[in-house]
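**Student:** One structure, pasted below without further comment.
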Amino acid sequence: MRLIYRAKLWLSIAGAVTLVSVVLWLAFGLKPGIDFTGGSLMEVAYAPSERPSAPEIKSAVESANIVGTLNVQLVDDRGAQLRFKEVTEEEHQAILQVLSQGGTATTSAVLKQVEELHFETIGPSIGKELKRRATYAIVIALLVIIAYIAWSFRRVSKPVASWKYGVAAIVALFHDVILVVGVFALLGRYAGIEIDTAFIAALLTVLGYSVNDTIVVLDRVRENLPRSNEDFLGTVNASINQTLARSINTTLTTVLALIALLLFGGETIRYFILALTIGIASGAYSSIFIAAPILVIWEKWQRRS
């Protein structure tokens, strides 16, 4: 297949996706969870067929004037997650009392037989510390990846310098990460999805998986260069064809497993799995249709100059 001969098309598609993702991120931002802002998270479960709607739960708790405003997210067919400001143990028990016995005349009939499954409180200072550490983790991961690529391709000098392989890989990584960020910015705006430390773990996993996929393609280019009779464009195209089946099969196997977890796994890991699914699928595209085409176009510009 002559995939690399349409390098500008593949890069245009990637550029459009990246631009849309950046716009979504800048327009909506990411909605931080209590891991980063501080606050309390309560998860409760109702008896079968007795769970009220999210507005009913929200109305019952807010009418008691314990925590002010709160966010309510329904979980599965029985559960509900409540997020609100940091509370004392007395306020915590008061909220449970409201949920168990009802808060208003309109909700007292449905808010009953509630069981608390989980409760945690994170202070604002801890939230700031987690945010700082998450930023450090991403920056350190990127620096390690750059160093790894520079070392792996240190002996490549012609026709494209080794550091340009690193730049191509980093651009591919940026595409994968910003796509996940853009999707979650959209979900945060319209579905109220919050990001937490699991989201950061998903981004780091995507970085590792994507760079591995990209290295496989670029390493095949490096291996083929000394023994190929074709020009750089033909060598890159042959390298992509040699690794294409491997990339597709590996990604497809991983994504199918992730989709199974997404459909049948627990609510607590759902958005972690969603971030992984998006990022890993994107990584398969970027390793073939972003990193390699960047090298080809760069080599053309280099020849002309």
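Along the chain as shown, residues are numbered 1 onward.
A Cβ is built for glycine as well, from the same backbone N, Cα and C atoms used for every other residue.
Copying in the features that TrEMBL gives for the protein in this structure:
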type	residues	note
TRANSMEM	9-28	transmembrane segment
TRANSMEM	134-153	transmembrane segment
DOMAIN	134-297	domain 'SSD'
TRANSMEM	165-187	transmembrane segment
TRANSMEM	199-218	transmembrane segment
TRANSMEM	247-265	transmembrane segment
TRANSMEM	271-298	transmembrane segment
**Student:** Can you work out the mean pLDDT of the predicted model over the domain 'SSD' (134-297)?
**Tutor:** 89
**Student:** The transmembrane segment (199-218) vs the transmembrane segment (134-153): three or more C-beta pairs under 8 Å (separation of 6 or more)?
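**Tutor:** In this chain the transmembrane segment (199-218) contacts the transmembrane segment (134-153) - 3 or more Cβ pairs sit under 8 Å.
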**Student:** Please indicate, using numbers and ranges, the residues of the same chain that are 6 or more beyond the transmembrane segment (271-298) and have a C-beta under 8 Å from a C-beta there.
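**Tutor:** Distant contacts of the transmembrane segment (271-298): 3-4, 7-8, 10-11, 13-14, 160, 164-165, 167-169, 171-173, 175-177, 179-180, 183-184, 187, 193, 198-199, 201-203, 205-206, 209-210, 213-214, 216-218, 221, 232-233, 236, 239-240, 243-244, 247-248, 251, 254-255, 258-259, 261-262, 265.
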**Student:** Applying the under-8 angstroms CB criterion, which one of 9-28, 165-187, 247-265 scores highest with the transmembrane segment (134-153)?
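**Tutor:** Result: 165-187.
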